[in-house]
Amino acid sequence: MSKVTEITHPLILHKLAFIRDKNTGSKDFRELVSEVSMLMAYEVTRNLPMEEIEIETPVCKTKCKVLAGKKVAIVPILRAGLGMVDGMLQLIPAAKVGHIGLYRDEETLQPVEYFCKLPQDIAERDVIVVDPMLATGGSAADAITLLKKRGAKQIRLMCLISSPEGIEFVQKAHPDVDIYVACIDEKLNDHGYIVPGLGDAGDRLFGTK
């Protein structure tokens, strides 16, 4: 079964309180989501593979560790996941960015891909899927399935807030994918919103309803 990491750093929890607040406007909301994403990325990337190289300082030659291979690909789930990308790129500026857009067919309830643009070398990269909310878990699980079909092997999921139901769903669908969240909330309500949650992340990021 995959590992679930709840990142309870004081700075993250402080900023998360203002993200939740319904009186926080879109400008501040966007900035806070970006800041929390950057802070979370530090923990999410903790176990990236390393390799040893030799460099020369002004004093002598020495061996140092650097990231191995082709590094990271960040893949936001449209559209709310876009709000997390800039913060992560501040910490991992060399990362490539892919995009996945999915919706569910109302009759078949099956996922329908309406947009997918990924780095050609996605199979060689450590992939971090980002979405502010992990509610039912359906969209995240579908996005991960799509990534695996495109060849991705090392995948992590990073969300600001999750429901217990969403975590359980993704773990059952993808027991090999570790999940990182800033907070695991109480439950989903009858409308599929996380309680207490933060409302609709996409609407709050982009000022829409």
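Using the three backbone atoms N, Cα and C, a Cβ is placed for every residue, glycine included.
Residues annotated as 5-phospho-alpha-D-ribose 1-diphosphate binding site in Swiss-Prot: Arg79, Arg104, Asp131, Pro132, Met133, Leu134, Ala135, Thr136, Gly137, Gly138, Ser139, Asp200. Residues or ranges marked as uracil binding site by Swiss-Prot: Ile194, Gly199, Asp200, Ala201.
Most Cβ neighbours within 10 Å, among the binding-site residues Asp131, Asp200: Asp131 holds that distinction in the structure as shown. Take the mean position of the Cβ atoms of Ile194, Gly199, Asp200, Ala201, the recorded uracil site; other residues of that chain with a Cβ within 8 Å of it are Pro132, Met133, Tyr193, Gly197, Leu198, Gly202, Asp203, Arg204. Look at the Cβ of each of the binding-site residues Gly137, Gly199 and count the other Cβ atoms within 10 Å; the largest number goes with Gly137. Ala201 (uracil binding site) and Arg79 (5-phospho-alpha-D-ribose 1-diphosphate binding site) have their C-alpha atoms 9 Å apart, to the nearest angstrom.
Here the candidates are the binding-site residues Met133, Gly137, Ser139, and by Cα distance the one nearest Asp200 (uracil binding site) turns out to be Met133. Taking Asp131, Met133, Ala135, Gly137 as the binding-site residues under consideration, the smallest Cα distance to Ile194 (uracil binding site) is found for Ala135. Neighbours of Ile194 (uracil binding site), defined as other CB atoms within 10 A of its CB across all chains, total 26.
Gly137 (5-phospho-alpha-D-ribose 1-diphosphate binding site) falls outside any helix or strand according to DSSP and counts as coil. Non-local neighbourhood of Arg79 (5-phospho-alpha-D-ribose 1-diphosphate binding site): Gly101, Gly202, Leu205, Phe206, each in the same chain, at least six residues away, with C-beta under 8 Å from its C-beta.
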